[in-house]
Amino acid sequence: MFQDLRDSNSSKFQVSEFILLGFPGIHSWQHWLSLPLALLYLLALSSNILILIIISKEATLHQPMYHFLGILAVVDMGMATNTMPKILAILWFNAKSISLPECFLQMYMYAIHCFVAMESGIFVCMAIDRYVAICRPLRYPSIITDSFVVKATLFMALRNSLTTIPIPVFAAQRQYCSKNQIEHCLCSNLGVTSLSCDDDKTVKSIYQLLLAWTLMGSDLGLIILSYALILQSVLKLNSAESASKALSTCTSHLILILFFYTVIIVISITHSAAMTVPLIPVLLNVLHNVIPPALNPIVYALKNKKPRQGLYKLLKLDFKEGM
């Protein structure tokens, strides 16, 4: 699709590829960052694959809550794999060139678009799941069913695919005259569109910002509301131990969620302020690909008793009830 768009506007394109320079200001020693990034990427892949194996093998985990965890694991692996191999190729082999269609496809799959929006949507589904389980436990079996999981996932996938596809389409239709060097490790929307020599970028920029704030803002609002109601319900519990355990779980979830959305907010503010992309937002953007995927399995799955029990069974270790 993006190749067709490029061909139909061939007279407008003066460059045949973009050059991803890497991390701004540290080009001479940025290759040293490849080791921690590669380790985080391997951790993200291995931990999410492990979660999928545990969920598939453990019959007690064939429940809606763990179906969402499995979907999150798939989305996490997709988000990391969409960008990390190219980033590591830049740092290890100096493979900085990327074709325009490949760049626009990467932009669609990542930059506040498909995978990121999908992860945001799954966070919403999981927050709703926990809200119903804690605040409406008697109605949980009738509300959160396998059918609900399928419908919610399909809705999020369609929502994200249809609403975000204009972003790379807009980018593909722009004119790129002579500049083709992007001060970034991936085809971020900000980095690519800053190279455009179009005079009028207002409408497209407004759409991109409205999309980001509408999708992510509404998701974050629903998540905060769900956890606020959960905390309100938990604080009414007579058992201090149960309240403490629930608060610990909610806190760890919220830390990861806030990190996830903070990066998006930083990128959006940088874009709206029309600033040159500095090192910190670029570094956050790259870490955003690997830190949530690496930590989500630990925070969302292995801190829960049943997945932990499944892990011990898989590793053929004894599971102690008090762990």
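From the backbone N, Cα and C atoms, a Cβ is placed for every residue, glycine too.
Positions annotated as domain 'G-protein coupled receptors family 1 profile' by TrEMBL: 47-300.
Look at TrEMBL and you will find 38-56 (among others) tagged as transmembrane segment.
TrEMBL lists 68-95 (among others) with the feature transmembrane segment.
Among the features that TrEMBL reports, transmembrane segment is placed at 107-128 (among others).
The transmembrane segment annotation in TrEMBL covers 210-231 (among others). Among residues of the same chain six or more beyond the transmembrane segment (210-231), those with a C-beta under 8 A of the stretch's C-beta atoms are 112, 117, 120-121, 123-124, 127-128, 130-131, 134-135, 159-160, 163-164, 167, 246-247, 250, 253-254, 257, 261, 264, 268.
Annotation source TrEMBL lists transmembrane segment at 252-273 (among others).
Residues or ranges marked as transmembrane segment in TrEMBL: 279-302 (among others).
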Checklist entry - Counting only residues 6+ away from its ends, which parts of the chain sit with a Cβ under 8 Å from the transmembrane segment (279-302)? => result 23-26, 37, 40-41, 43-44, 47-48, 50-51, 54, 66, 69, 72-73, 76-77, 79-80, 82-84, 87, 110, 116, 119, 126, 183-186, 188, 252-253, 256, 259-260, 262-264, 266-267, 270, 308, 311
Item to check | Whole-number mean of pLDDT values that fall within the domain 'G-protein coupled receptors family 1 profile' (47-300) | outcome: 85
